[in-house]
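This report refers to the structure that appears directly beneath it.
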């Protein structure tokens, strides 16, 4: 394993750790404040915009989709993680740095959420953004990593001026 590939997997591990620690802190703080129901841990209001930290649980995929298919969804997620590991392991040297960063973020986010499912039976979400009466579905750092990685990957694939060898 090269130094670069080791740093990629170490970065992924650190991001997963950051995600899990943030969820643990939110859950512990929530239990201290209100042991029987989710507690508002933090709020920031700026005009009609608000940012809240309130623990919630998601048994499905993004936005709670497919919650009734827990086992197939878990199998699919594990399959995607294994594919990402294999792809990064096999193609690592030939990947563009932006592709590597994007896939590392996606891998870390996927691992963070699968870890939640294995340990809690559901994903722990706690970040909430609201504007007027509109609320974006709650999310966590793992979701943010997946979203950022996807945006980086799509941006790189779409806007790359280099030869069209993406992977």
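For all residues, glycine too, the Cβ spot is worked out from N, Cα and C.
The following features are taken from Swiss-Prot:
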ACT_SITE  125  active site
ACT_SITE  143  active site
TRANSMEM  8-28  transmembrane segment
TRANSMEM  46-66  transmembrane segment
TRANSMEM  70-90  transmembrane segment
TRANSMEM  101-121  transmembrane segment
TRANSMEM  139-159  transmembrane segment
With the transmembrane segment (70-90) as the reference, which stretch in 8-28, 101-121, 139-159 has the largest tally of C-beta pairs below 8 Å?
101-121
Long-range same-chain neighbours of residue 143 (active site), Cβ under 8 Å, sequence gap at least 6?
62, 109, 113, 125
Let me know how many other Cβ atoms fall within 10 Å of the Cβ of residue 125 (active site).
22
